[in-house]
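Engineer: Here's a structure for you.
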Amino acid sequence: MDMKDVAEKGLVLLGCGKMGSAMLQGWLADGLPATSVWVKDPYPNDFVQRAGVHVNADLPASPAIVIIAVKPQMMADALPVLAAMGNGTTLFVSVAAGISIATYEGMLGSETPIVRAMPNTPAAVGKGITAIVANAHAGDDGLGAAEGLLQAVGQVVRLEREEQMDAVTGVSGSGPAYVFHLIETLAAAGEAQGLSADLSMALAKATVAGAGVLAELAEETPEQLRINVTSPNGTTQAGLEELMDPANGLPPLMLRTVGAATLRSRELANG
Ligand SMILES: NC(=O)C1=CN([C@@H]2O[C@H](COP(=O)(O)OP(=O)(O)OC[C@H]3O[C@@H](n4cnc5c(N)ncnc54)[C@H](O)[C@@H]3O)[C@@H](O)[C@H]2O)C=CC1
Ligand SMILES: O=C(O)[C@@H]1CCC=N1
C-alpha cells in the first residue's frame with residue numbers, strides 16, 4: 001500500500017484533536033487530498049472544519065487506513081463504530097499511549113492488521129519522530145504502509161518489541177513538552193536576571209530551536225557540542241556545574257521525569 005492507495009481508498013481519522021490535527025496538517029501539506037480523509041470526532045476543531053476533509057460523514061466501508069487518535073480513556077466508546085472494518089484489509093494505526101496491540105485485536109478481531117505507533121506533535125511541521133511496531137497480520141506490508149504515511153510528518157523508527165513503546169512514549173511522545181518547559185524555565189530565569197519577558201522568551205526560543213537544529217545536523221555528538229560551548233572556567237562551566245549536578249541537577253530529574261511518563265504509559269494499558 002502506498003500514498004496513492006490511501007488517496008484512492010481513503011483514510012479515516014478517529015479523533016482529531018492535538019495529535020490527530022498535527023498529523024493531518026502534515027499529510028495535507030505533503031499532498032494527501034483532503035477529500036480522501038474522513039474525520040470522526042464529536043468536537044471537530046476549527047482546523048478540521050476548514051481543512052476540506054469529510055467531517056462526521058458516512059465512512060467508506062473499507063478504507064486503506066484507519067488512524068486511531070482518541071484518548072486511551074475514550075477508546076471503549078469510540079472504537080465500536082469501526083468494528084465492522086476489522087478482520088479485513090483495512091490497516092489500523094493507533095497512536096494512543098498505553099493501548100496494546102492485543103487490546104485492539106480483542107476489540108476489532110484477531111485477524112485485523114494493526115500498527116501501534118507513538119508520534120509526537122512536531123509532526124505538525126514535518127519534524128516529528130514516530131516509533132512503530134505491528135502485529136503479525138499487518139506484517140511488513142502494514143509496517144511499510146504506516147512508515148510511508150508517518151514519514152510524511154517526520155522520521156520513523158521501527159521497534160523490536162512492543163514493550164519498548166512505554167519508554168519511547170516517555171522519551172519522544174511526551175518529550176516535546178519537556179523541551180517546551182525548558183524554554184519556559186530558561187525564559188523565566190532570564191527574567192529573574194533582569195531581562196524583559198519578551199527579550200528573554202525570544203532568546204530562550206531561538207536558543208533551544210538553534211541548538212536542536214545544530215544537534216540534528218552536526219557530525220559531533222551532543223556531548224561534544226556541549227563541550228564546544230564550554231570555555232574552561234568560563235560562564236557555561238559555571239552554569240553547567242549547577243545543571244549537571246549528579247545529586248540535584250538535570251540528570252536525576254530527567255531520570256525521574258522519563259520514569260514517571262513510562263510508568264504512566266504502562267498504567268494506561270490497565271485502564
Ligand atoms: N498530544 C500528544 O503530544 C500526543 C498524543 N498521543 C496520543 O494521541 C491520542 C490523542 O491525544 P490528543 O490529540 O493529545 O488528545 P485530544 O483531546 O486533543 O484529542 C482527542 C480527540 O478525540 C475526540 N473524541 C472524543 N471522543 C471521541 C469519540 N467517541 N470518537 C471520536 N473522537 C472522539 C475529541 O473530541 C478530541 O478532538 C491519545 O491517545 C494520546 O495518547 C500520542 C503521541 C503524542
Ligand atoms: O500525555 C499523553 O498521554 C500523550 C502521550 C504522549 C504525549 N501525549
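Positions of Cβ are set from backbone N, Cα and C atoms, glycine also.
Here's the feature list from TrEMBL:
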- 12-98: domain 'Pyrroline-5-carboxylate reductase catalytic N-terminal' (DOMAIN)
- LEU14, GLY15, CYS16, GLY17, LYS18, MET19, ALA69, VAL70, LYS71, PRO72: NADP(+) binding site (BINDING)
- ASN56: NADPH binding site (BINDING)
- 162-268: domain 'Pyrroline-5-carboxylate reductase dimerisation' (DOMAIN)
Engineer: Taking each of the binding-site residues LYS18, LYS71 in turn and counting other Cβ atoms within 10 Å of its Cβ, which one has the fewest?
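Structural biologist: Across LYS18, LYS71, these binding-site residues, the one with fewest Cβ atoms within 10 Å is LYS18.
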Engineer: Can you list which of the binding-site residues LEU14, ASN56, ALA69, LYS71 have their Cβ under 6 Å from some atom of ligand 1?
Structural biologist: LEU14, ALA69, LYS71
Engineer: The record lists LEU14, GLY15, CYS16, GLY17, LYS18, MET19, ALA69, VAL70, LYS71, PRO72 as binding NADP(+). What's the largest Cα to Cα distance among them, in Å, rounded to a whole number?
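Structural biologist: Site span for NADP(+), by Cα atoms: 14 Å.
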Engineer: When DSSP is mapped onto helix/strand/coil, what comes out for LEU14 (NADP(+) binding site)?
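Structural biologist: DSSP call for LEU14 (NADP(+) binding site): strand.
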Engineer: With every protein chain in view, what's the tally of Cβ atoms within 10 Å of the Cβ of CYS16 (NADP(+) binding site), excluding that atom itself?
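Structural biologist: I count 26 other Cβ atoms within 10 Å of it.
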Engineer: So what's the mean pLDDT when you look at the domain 'Pyrroline-5-carboxylate reductase dimerisation' (162-268)?
Structural biologist: 97
Engineer: What same-chain residues, at least 6 away in sequence, bring their CB to under 8 Å of the CB of ASN56 (NADPH binding site)?
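Structural biologist: The answer is VAL39, LYS40, ASP41, PRO42, PRO44.
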Engineer: Look up ALA69 (NADP(+) binding site) in the DSSP assignment and reduce it to helix, strand or coil.
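Structural biologist: SS state of ALA69 (NADP(+) binding site) = coil.
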Engineer: On the DSSP side of things, how many residues of the domain 'Pyrroline-5-carboxylate reductase dimerisation' (162-268) fall into helix, strand and coil, could you say?
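Structural biologist: Breakdown, helix to coil: 85 helix, 0 strand, 22 coil.
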Engineer: Work out the three-state DSSP category of the residue listed as 'NADPH binding site'.
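Structural biologist: SS state of the residue listed as 'NADPH binding site' = coil.
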